[in-house]
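One structure is given here, and the rest of the page talks about it.
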């Protein structure tokens, strides 16, 4: 005898805290999965009802009452298809759990408590949850399914425990945030698990941006040998059907949709676009605004903003000063025209002069220094924030990760903004992403990519007057920040000058106070600044 | 037979990451304890060698090599007195532990692994450490001492385990951060433990400011009945001797120094002074700078800065505009004079006019609104930052917790600053602290305390045009933020208008993005903004 079961991977984009909205989204997805794909089972991502990560909202008692009500609503609304869903639960002792429920015929037939609680990188789950120790296996149409949640699959025990309890296939609810190598990491870890437990895996991930995190989706189903039989798209809501076939004692996944995956720069670019779009839309802004300098960072940020929101929602402002090169003004205009955004120019000379006069007495006896450079940046920041306040568009900061790392940016100046798209994008990747974007359509003038980068805050200034070449700088940053290597190790491994490495490391340590006041931005590397790297500001550590 | 053992509680102020400096401090304290008090044993705070909390510095492998070297240095330098010290350790598998060592005659004779790892509030110890499960009891001159670390004493098991293993007295190494009720909490929890295990406790806490945390010291020793026999001072480095007397099977703590403790406002004021002093000094600034408005927040901030650093290190700037009342100008001058700080006035009219002209075209068709108010604040912020850049003094922001909670402040305006002393001080407490400070010497003019508060950003503006009375506002904030109560609960419990409560809660939720870019400030309540309350910015949760 053989039995087919249709499982739909519901790759949705919930909003953190929006319980009513998320419930509506869940019910609609379940109904569509039934109608369009004749689904038997619809599997949703981790903590579907609250969105992920709800952070300290999990400490609010009222949340659990609302989650209970949401579960009842779902039980009532969806009775003709099994729904597997994630949510937080609080017991009578006030202990909290990260749960998954199997909802069938209007009732929670079984539930599972997450066992492995990640408490590293951006994750704080031990702050909130107690862990479970039991498997949850449900038999449906003769097939036994084991439920697991996200981190559970990254270690052996919960999967082998489920299989020991009879599971013939694993349903895994995930909220697995993006970084550039993450999709491959997930496939690898699932294959490793399968090599140990030899059952098919249905892995459902959410999509969407949530503050500094982007979830890339890319849900997939593998057979018991580890081959990916069904691949859902990345960065897109999707209801992707998976057909499970049981014949005798064997459970197979039939080949199905194979969405094409993005590669390298294209993938990171999608993550940035989704991060910007969701931050702006989920927070209710009516568009985005940024300062165009004629340099590559603002050019790329502009392209991302337009791809995220549409040209009519984006405004670019050039704010020239006496050190702005003519070609910067020309290139900024070219970029704005190529993308078709609202563009205008506000020279800052008069404002600068007014500050200079006001400060003249206090500054008597002092030479010009970085103060005057920062002042230009702060005037520009204030102009942008004034327009933002007046017209309701969010300011996008344009600093890249290399600048954020070494503090090559002005606090309350070019760091001004509600969101910072390139915050985790090293300068060398800014170049690669710009070239990639130009392959779709030419929006960044060639010479913006080829001319030496400059902040244009004093005559003939170049970034490389103050910093090593960006390929060296980015390598030092990657090794010091991502891999926690010591300066000595970096010198030995790459042959850079010791002085150069030490100087970069000193700059990184000294600018933690700036990063603490920086806008959020999309995490795209394995270790971003922000929750991912918690450093003291007051810190005399030297290696 | 009877035996006396002299234990010194070494209440020191380490600097996070400054391993060499901390080792020097430890050796000197041990030598002094020996010389001045004929110490047998010197007990130091938790993670003495690295300072607390080292945060993600704990992921750096090189740190552990340096800590090992530091331990060797201490072993070599201090041989005539037992040193009990805290430090992080990494084993061969790369697992990390929060340790205490008993160093006697130049060797680590025993060591202990912390068992209870706090992972709530500001603590992330499960991010870094694995927990131990063994007691550590060392016998010295016939008395068996059990070692425990901080959170261990907050639950029953590690203490009872140590006593079951023969401990006749407990030595507890702590890095227990301050909030206003904390000292009493500690005494209470120690008494509860003693009621269960009936042995004397020697509780050693560090002092000093570390970013948003202040450690208040207040080390103490209790007898087996729970009475505090020796009390070290708060907010002061101290080597406080404790005499332990063993007669037969009984171990007693002899009555000793009883430092007077601070009360209420005086205690909070000391915490703020220490937080400001240590942030500025440990980060190497040569003084502090702030904008004086003639209002109470900047007046109190000025007093704290002067008490922290001395008048000669503090500069105050008045930045009047067309809406500044004459009495504000007078009062600002009176405050600066009373405290003897460098004071000057920089009117912002010309800078404001320059921005207004520059923005005129873009603002055509728009009415004046909050934009123009924010602009004034941002010009002031830019003036302060320019002076800071030029002269090297740190800008202190002057926002209080009530403003920070509801977002009644301008991002990149009055929020500008490297440190924000009143960030966790609700407005009603600002008044109480101001009155307290005036009892020491009259530095805040009476009418600054009695006149209705105003931001003076438009004609005849009063805070209470936009906000509830501060006693109501602060009560709503306390209940919503500190106790996580729902608006409904708050309305029921306090009888406030539902609309008023909902409006405040909405303001709190909407201004998370501002707080994320705020300067650090001293935690003085049980729940501060910052690491203590991790909320999503993108958050549609409504209760």
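The backbone N, Cα and C atoms fix where each Cβ goes, and this holds for glycine too.
Just so it is clear, the model here is predicted, and its values are computed rather than measured.
Positions annotated as active site, proton acceptor by TrEMBL: A:46. Per TrEMBL, active site, for glutaminase activity is recorded for A:114. For A:150, the entry in TrEMBL reads active site, nucleophile. Sequence annotations record features per position, and here TrEMBL assigns L-glutamine binding site to A:120, A:176, A:182. Sequence annotations record features per position, and here TrEMBL assigns domain 'CN hydrolase' to A:5-246.
This view paints the features noted in TrEMBL onto the structure.
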residue : record                                : DSSP class
A:46    : active site, proton acceptor          : coil
A:114   : active site, for glutaminase activity : coil
A:120   : L-glutamine binding site              : coil
A:150   : active site, nucleophile              : helix
A:176   : L-glutamine binding site              : coil
A:182   : L-glutamine binding site              : helix
Around the Cβ of residue A:182 (L-glutamine binding site), the count of other Cβ atoms that are within 10 Å: 18
Sorted by sequence, non-A:120, A:176, A:182 residues with Cβ within 8 Å of centre, L-glutamine: A:118, A:121, A:123, A:177, A:179, A:185
Nearest recorded site to residue A:120 (L-glutamine binding site) by CA-CA distance, among active-site residues A:46, A:114, A:150: A:150
Within reach of chain B, those recorded positions of A:46, A:114, A:120, A:176, CB-CB under 8 Å: A:120
Among A:120, A:176, A:182, the record's L-glutamine binders - longest CA distance, Å: 15
Cβ atoms near residue A:150 (active site, nucleophile) (within 10 Å, other residues, all chains): 26
Distance, residue A:46 (active site, proton acceptor) to residue A:176 (L-glutamine binding site) (CA atoms, angstrom): 9
Same-chain residues at least 6 apart in sequence whose Cβ lies under 8 Å from the residue listed as 'active site, for glutaminase activity': A:97, A:98, A:99, A:100, A:125, A:129, A:131, A:132, A:149, A:150, A:151, A:152
Cβ neighbours of residue A:120 (L-glutamine binding site) where a neighbour is any other Cβ within 10 Å: 15
Integer Cα-Cα distance in angstrom, residue A:182 (L-glutamine binding site) to the residue listed as 'active site, proton acceptor': 17
